[in-house]
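Written out below as structure tokens is the structure these notes cover.
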Number of protein chains: 2
Amino acid sequence: MSERGGHGGIAEGRGPLAAEAAALDAEDVLAAKRKDFVLDDTVYLDGNSLGALPRSVPGRLADVVEREWGRLRIRSWQESGWWTAPERVGDLIAPLIGAAGGQVVAGDSTSVNVFKAVVAAVRMAQRDSGGGAGEGDSGPARTEVLVDATTFPTDGYLAESAARMTGATVRAVAPADMAAEVGPTTAVALVNHVDYRTGELNDLPGITAAVHRAGARVVWDLCHSAGALPVDLDASGADLAVGCTYKYLNGGPGSPAYLYVRRALQPRFDSPLPGWNSHADPFAMSAGYRPAEGAARGRVGTPDILSLLALEEALGVWEGVELTAVRAKSLALTDFFLRCVRAYVPEGRTRSLTPEAHGRRGSQVSLLCEGGVDAGRAMEALIARGIVGDFRRPGVLRFGFTPLYTSFADVERAARVLGEVTGVTG
Amino acid sequence: MSERGGHGGIAEGRGPLAAEAAALDAEDVLAAKRKDFVLDDTVYLDGNSLGALPRSVPGRLADVVEREWGRLRIRSWQESGWWTAPERVGDLIAPLIGAAGGQVVAGDSTSVNVFKAVVAAVRMAQRDSGGGAGEGDSGPARTEVLVDATTFPTDGYLAESAARMTGATVRAVAPADMAAEVGPTTAVALVNHVDYRTGELNDLPGITAAVHRAGARVVWDLCHSAGALPVDLDASGADLAVGCTYKYLNGGPGSPAYLYVRRALQPRFDSPLPGWNSHADPFAMSAGYRPAEGAARGRVGTPDILSLLALEEALGVWEGVELTAVRAKSLALTDFFLRCVRAYVPEGRTRSLTPEAHGRRGSQVSLLCEGGVDAGRAMEALIARGIVGDFRRPGVLRFGFTPLYTSFADVERAARVLGEVTGVTG
């Protein structure tokens, strides 16, 4: 029997792949994690935009607000560990991105961290190429910033600003061409690990090695990969990385982002945002700036404690989770979704933009609407029927699969309703 | 009878000024506001560092977390008004700093906002002086940033970075000398409204006028004034301003800061941090940056919603509060504290660094310890006895007076215990 189906009959009950979904769920080694999140009968496939609420966060945040702020007040900067939260939370993120401790600091937005990372990397490259005092090699000036041409736009905007303010220029390069385009005038390449629009996974170790062969630095944006698949920063020798925590890390809306600076580069990290929190002795309140050692050098101003401690609590769900299991389930979820879409969605209505090859796929599936299907209206109809993904103009439906709480039954139901919706609206 | 007393006898009971404190409390038109805060039998005089918890915040934050994030999830960006929170919160701050609506945006840290403001102001000045295309006057290049020599250190560090990245230089100038030192090569002056260390109030209208007469721009740091006294940004013609919200605005530890850009200057605000949230059409996800109109141009990345909405709730306590009443009570509190200190603290143990003249005093009193009193140990002893101020190296005790919840009885008790502590430890 062909898996390609129409939408007749499926609307009333479970589809032909429902039994398979149930079998996959029964074998899911991460299934028990689902109870750590607040979920309902919605199929939530937008965890790649805003992760679901971990069940323990409200209680922890209430304690932070009512006891730590309300009763201990200013004493909590020491007694409740507020002051050291950026590094402590950074060390909870570290194992999720393949980093040893002491290299990650949480705080600020991804955009702000992109700016810090690109400026710092350009400055390192400028010194490497002789722009600084005595450290230079004898090559040409490294004045070019290569930016992933498919990047989430904010990275490009901030890279432009970083280049403008350091005397560099920016050139957009497709990630697949990055290895070929990087060269002796490249200062830094800014690349996304997973493409936010298509879900394509870029080759972090390969691109890092190519950038290094050319003598340049690489900054990775992990927003769409961390928490969905293993990221091997240390093993790959990546220089710097940034990421958000409100997608697969479930930190809450707009929760603090993070910055990774490889340990060997920390002494050379010259921040464009040298706020008092990054000072070696912040409470000396001295007029002269002297940067802290270690990850704290990436801090700027007073950390946003309510959001940071909500994030810290949210990161607790990763205890005991193996990222290889996360990756295996992620691929199984997206494989199964693609199969269900082929089975349930009428031919010619959607086309996957997400690579079939596992090695090139993140944890989302992006479907381009075709055949007269209006993607915006299709997503509205999906949401009205309890299937939450999101829509990116002009015609892309995005579905994110979060291995800690997405079930195969969710996947089957989502594809089934998508079939109905694209059948009706097409 | 002399008000100068020792500490004998006062330890056991109320001091000679207790009756006067009670009378002042009975006349306090803001006394009813105290019940809007979570307080206990501690005398909390550190609201100039971390404001007390407004009583309604825990409930609001629980709703944001459990319903808006937990149940509505991604839909809350629209349905719960998350997306527009930075401007909405900015408009709640605006009347507290003398600004009409549409000129303030909340988000990021004070340090990050100092960087945005100083870079943007230098760029305006560079264009004014002919560095840009066709807008220039014929004067010399405006390449100097004057920084308040008594500034909270982070402002100076960020001003240095802003100058380094825009081809300008920095010179430290005492606020009292600012009017005399500003000149034809000045791009921007960065000044604190109230000195964090001494509590001295600088002349915002006067310095603003002097800077403008010299053709330069002024950036005000309102961290230690907003919420404690009226700030007349619009009326004074101030160009840009920044401030934090966790002191007199009670937004919580590390709550989002704010940026004010005078409406007439908004079209010329050229941000060094042009994140996607400041784009005219952020969801177009276009590769080219086109800045938003209005206050949103000061945004950077995704707003930190938990902290931002806690702040929004905290700002509700200002409803119906007249800033003239706040200022009158603030001065009455600091006057009374200085009198109580004279009455209770043994001579030669402390000396006030805070100006006597009302026109030069903010809402804190800083006492320099003398006569062998160790300020750090004195503050520890005060805290152990329920009087919470803070300590700034090497020898300063700071006491902040927050008119919405500090009582005159608090003031009397604090000075009484200070007398005992400095008597014992001296």
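Glycine too: its Cβ is placed from the backbone N, Cα and C atoms.
Small disclaimer: the values here were computed from a predicted structure and weren't measured.
Among the candidates A:TRP69, A:TRP276, the residue that TrEMBL annotates alongside A:THR110, A:SER111, A:PHE152, A:PRO153, A:THR154, A:ASP155, A:ASP221, A:HIS224, A:TYR246, A:THR302 as binding pyridoxal 5'-phosphate is A:TRP276. Summary: among the binding-site residues (A:PHE152, A:TYR246), the fewest other C-beta atoms within 10 A of the C-beta are counted at A:PHE152.
Chain B lies within reach of A:THR110, taking the recorded positions A:THR110, A:ASP221, A:LYS247 and requiring a CB-CB distance under 8 A. Most other Cβ atoms within 10 A: among the binding-site residues A:THR154, A:THR302, that distinction falls to A:THR154.
Non-local contacts of A:THR110 (pyridoxal 5'-phosphate binding site) by the CB criterion (under 8 A, 6+ apart in sequence, same chain) comprise A:THR154, A:ASP221, A:CYS223, A:VAL242, A:GLY243, A:CYS244, A:ALA257. The DSSP secondary structure for A:TYR246 (pyridoxal 5'-phosphate binding site) is coil. A Cα-Cα distance of 14 Å separates A:LYS247 (N6-(pyridoxal phosphate)lysine) from A:PHE152 (pyridoxal 5'-phosphate binding site).
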